[in-house]
Amino acid sequence: MRRVILSNPRGFCAGVVRAIQVVESALEKWGAPIYVKHEIVHNRHVVDDLKRRGAIFIEDLKDVPCGEKVIYSAHGIPPEVREEAKARNLFDIDATCVLVTKIHSAVKLYASKGYQIILIGKKKHVEVIGIRGEAPESVTVVEKVEDVANLPFDIHVPLFFVTQTTLSLDDVAEVTQALKARYPHIITLPSSSVCYATQNRQEALRAVLPRVNFVYVIGDVQSSNSNRLREVAEKRNIPARLVNSPDHISDEILHYSGDIAVTAGASTPEHIIQSCISRLKELIPDLQVEEDIFTTEDVVFQPPKELRT
């Protein structure tokens, strides 16, 4: 008999729940259309559902008619976007994750104090673009350990570092170690920039890996935290697949023996996770499902003031 070990926490985090509720509440309060800058979260199922309900996802504010309402995605935006929205008389609502906003504020503060900011993250990720926009002349993005050796700062330059919220804890630890080795005086926030949900999902998966021979991460290919979950398994030599629907689960799993771990990125709906479990049961009729609870999450973020009742 084979088992699926269902990692917990998995799926939606508080920031994703808040962001989706912002769009839903705006549609309920004002009706369609509601414009959203960038995908509200990186999950095709969520985005397609909101499109059906009247949300219009855009990348350029020029696609929003003057005077209309626009929501900023959970990933955050650079300040210039707010300025453009104001100039075009748009009614903007900010669904940026509270934990991303914290990093924006820290970058702005330390740049104003004369620090050079090291931002650990993926240069092209929308979250990193938004954070860097707070102080573009002061922020240098570092993606990997090798980048640290190429930094131009000498030991007399005041340095502060933060990270993208959805990175691999393994990668962050390696880059942080390299930064501190080269710049012992570098400082950072009192708590990790990697968000609680990213940490919990990675650590929960790590806890079950010794018991499994294969991992499914349910999440969108665009989702940074979903990709990092896949890497957590692969770095420990456990085969892993990132899938976003039951249609992506093939009979490949029949070529592997032993138990299977299932986890999901922070923007993956629970009903998609359960449909993937059902697909596995079709392929393996005697499959048993076991929940592994690493920790419980009770974090709730308040909606923007424009949508509070």
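Backbone N, Cα and C atoms are what each Cβ position is placed from, and that goes for glycine too.
Checking the candidates Cys195, Cys276 against Swiss-Prot: the one annotated together with Cys13, Cys97 at the [4Fe-4S] cluster site is Cys195. Note: the Cα of Thr165 ((2E)-4-hydroxy-3-methylbut-2-enyl diphosphate binding site) and the Cα of Ser224 (isopentenyl diphosphate binding site) are spaced 9 Å from each other. Checking Cα-Cα distances from Ser267 (isopentenyl diphosphate binding site) against the recorded positions (Cys13, Cys97, Glu127, Cys195) with a 10 Å cut-off leaves Cys13, in sequence order. The Cβ of His42 (isopentenyl diphosphate binding site) lies under 8 Å from the Cβ of His75, Asp220, Gln222, Ser223, Ser224, Ser226, Ser267, each of these being in the same chain and 6 or more residues away along the sequence. Taking the binding-site residues Cys13, Ser223 in turn and counting surrounding C-beta atoms within 10 angstroms, the largest count is reached at Cys13.
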